[in-house]
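Engineer: Okay, here's the structure, questions in a sec.
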Amino acid sequence: MEGEIKNLIKASVSVLASLIYCHFISSKIPKGKLRLVSLLPIFYHFITLPLYFSYLFPNAIASLFISWLANFKLALFAFDHGPLSCDQSNSLLQFISKALLPIKIKQNEKYPSSQTPQNSPKLALNLATKVLLFTISVGVNDYKDRFHQKLVLALYCCMVYLSVDIIFGVFNATVHAILHMELEPPSNEPYLSTSLQDFWGRRWNLMVTNLLRHTVYKPVRSSLGSLLGQWAPLPAVAASFLVSGLMHELLFYRVTRASPSWEVTLFFVLQGVCLVVELAMKRWFGGRWQLHWAVSGPLTVGFVMMTAMWLFFPPLVRSGADEHAIEECKMYFHFVKEEGLKWIGKLI
């Protein structure tokens, strides 16, 4: 554990130095190809950064936050787009926070967010409730030998949602407390989704959704607009899911240390194809026919969970990464408990 903490410190220092360079030097270079070239060493460093870590969770977080999200934000920054653009008037601390962390500034009423679902039920869970549910899930997993494999994978679906929302939520709360910025929630009750468009576009992992919208969806839609007209969004959606699948495949490779099986990529490609079909049908019917949310909700969530059980989780289960992740969670719980008791003992 001490060795991993040392690795974390080294990685953090190198990342901060890289972002200081981006803020003070790259930002002064004219936007476009020249600024992009100035960022190439940073892209390479961020891609290789997860190699610092031997534990699963730090590796996964570095792969997601740094290798994927930060690099995509810097790619937008090269052309003066996105949250790091010069017209955002970012201080150094704001620049580092926006580049490094999975946060999105809440839009004001004049520019409302397009990610707010309409006419849907509400069942919000706060951060403390999610932590409690995740802790219970880790405990239930100890008895997984007594359950059918499908139930275990369903439990994994819940644990993925809770862990992602907890990690993103903790960073959101930290940035809000330090910088007093109003931030978008990391997700918006994805278990209440009523369609694939609702799940992937408005509810699940909104930070990643927003980044893919600006780095993949909009450029592809714009380039195909003159050729396909009103149908240009459909291949743009498919391209976004393909890129997401490839980035997840890289993340899984880093975590499992096993050769890619391409099941994860296929999972996201399948979601993209099904979403394209859904959007085409909505456009064809013109919104005249729609299932009640009590029917469409379970169908949507059930489809995502079943395809995840088929394609998303098998690479993790085969490599034993699922067991390693749960054991690490227990180790972190124990570490926090021990440190907390020491801190309380010092106060007493």
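Just so it is clear, glycine is given a Cβ too, placed from its N, Cα and C backbone atoms.
Whatever TrEMBL says is automated annotation, not expert-curated.
Owing to the predicted nature of the structure, the values given are computational and were not obtained by experimental measurement.
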Engineer: Between 55-76, 231-252, which stretch does TrEMBL give the note transmembrane segment?
Structural biologist: 231-252
Engineer: Can you count helix, strand and coil residues in the domain 'Wax synthase' (187-269) using DSSP?
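Structural biologist: Taking each residue of the domain 'Wax synthase' (187-269) in turn, the totals are 68 helix, 0 strand, 15 coil.
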Engineer: Do any residues of this chain, six or more beyond the ends of the transmembrane segment (264-285), have a C-beta under 8 angstroms from a C-beta of it, and if so which?
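Structural biologist: Non-local partners: 195-197, 200, 230, 233-235, 237-238, 240-242, 244-246, 248-249, 252, 303-304, 307-308, 310-312, 315.
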Engineer: Looking at the domain 'Wax synthase' (187-269) alone, can you tell me the average pLDDT?
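Structural biologist: Its mean pLDDT is 93.
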